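Feature annotations, courtesy of TrEMBL:
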type     : residues : note
DOMAIN   : 8-233    : domain 'CWH43-like N-terminal'
TRANSMEM : 12-35    : transmembrane segment
TRANSMEM : 55-73    : transmembrane segment
TRANSMEM : 94-112   : transmembrane segment
TRANSMEM : 118-145  : transmembrane segment
TRANSMEM : 157-182  : transmembrane segment
TRANSMEM : 202-227  : transmembrane segment
Amino acid sequence: MWWFQQGLSVLPVALVVWSAASFVFSYITAIVLRHVDPLVPYISDTGTIPPERCLFGIMLNISAFLGTATVYVRYKQVYALNPEKSKIIKLNKIGLTLGLMSCFGLCIIANFQKCILYYIHVVGACLTFGVGAIYMLVQTVLSYLMQPELHSKDVFWIRLTVLLWCCSSIVSMFISSVVLYSGRYGTDLVQKLHWNPQEEGYTAHIISTVSEWSLAFSFLSFFLTYIRDFQKISLRVVVSLHGQTLYNTPQSFVPDEQTLLIAGSI
């Protein structure tokens, strides 16, 4: 059995690989068609013009689905390990809510492009990465509180490092974006896809775009730390029938049927 076939480790692997591919494929398509500049464009700019917009949208929607599944499995795993500790139960529920909100934000990013509905796109980005950073914080705290039941201290320090990387990228992107869109360098920068290095505001633009790519990959890197944890878990679905057929409900007992929802041998 390969390592990614153990338990549900395929979920975080698929999430990270598929999401990274959605950024890279859209970038390559946009560069080949000369829709954006080759030197570090905004990720959103690479998904603005067809056909890369279509590719960007459908791939990120699938990423949102994989993210939802990953967040839910993480919630069930933590709950199974600490069913009676109220503090951990509360943090776990908060983490689930934040994770689902972040995945919903990814759907907004996928379906509302930056150059068409800018403010809705920004709301999606804040949900995905802003709320997502708080989700990372909650999971890092859980990693600290659940030693050694869940994993060793090494995993906690790795998650803390990735969290700090993510937060520094958010701060860098926020400051550079405020400077760039302050009106000092023009008022129609949202629609601008090509930049000249000699233009005013180019440095702030590059800092902002580099920070966005750094933020995206720091966010994805956090889910790589789930791989070892997910190798030790599987989920089952329970089907309870209320009758021998689907058209009547006799009082005779019908046993439950239990099947692996996702088997470890997939």
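Any Cβ shown, glycine's included, is placed from N, Cα and C.
Sequence-distant contacts of the transmembrane segment (118-145), counting only residues of its own chain at least 6 positions beyond either end whose CB sits under 8 Å from a CB of the stretch, comprise 44, 71, 74, 78, 87-88, 91-92, 94-95, 98-99, 101-102, 104-109, 112, 151, 155-156, 159-160, 162-163, 166-167, 170, 190, 215-216, 219, 222. Remark: the transmembrane segment (12-35) contacts the transmembrane segment (202-227), by the rule of 3 or more CB pairs under 8 A. In the predicted structure, the domain 'CWH43-like N-terminal' (8-233) carries a mean pLDDT of 90.
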